[in-house]
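Structure first, commentary second.
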Amino acid sequence: MRTTIQRKVILEQLHTHTDHPGADTIYSEVRQILPRISLGTVYRNLDVLANKGIIQRLEVGGDHAHFDPNPAIHPHFFCTHCRQVSDLKWKNGTSPAWTEIIDSESLKSVNINGGTLVLEGVCAECSAEDK
């Protein structure tokens, strides 16, 4: 994979986020630096980066994809009210062995090399607004 200026700037902008933005947000920010870049170029580059395992693409809530600069498998929370995605932390700071959370019989016929873990609900801010 070639490192292009567009790819470099897209990745740099994504790394400024902790809120797992969509392509439209990244596009708006990248346009401040590269005014001639197209939305299609941003989408294609985010797809390439995700397909190469450099970033994570999170398909949640049936709307647009969210992107995470951290490619490691880690848990996420999707608020069904405000549609924001946030990171959750593993207990003890490290990901558990799959056999700790999935029946070992189920794992005998598969070789896990990636995936996403997204829990859904209502975040604290939205819960407070509803009260």
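Placement of Cβ uses the backbone N, Cα and C atoms for every residue, glycine included.
Fair warning: this is a prediction, and the values are worked out from it, not measured in the lab.
Database features (TrEMBL):
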{"type": "BINDING", "residues": "C79, C82, C123, C126", "note": "Zn(2+) binding site"}
By the 10 Å Cβ-neighbour count, the most surrounded of the binding-site residues C79, C82, C123, C126 is C79
Whose Cβ lies within 8 Å of the mean position of the Cβ atoms of C79, C82, C123, C126, the Zn(2+) site, other than those residues? T80, H81, R83, Q84, V122, A124, E125, S127
In the three-state DSSP scheme, C79 (Zn(2+) binding site) belongs to strand
Secondary structure at C126 (Zn(2+) binding site) (DSSP, helix/strand/coil)? helix
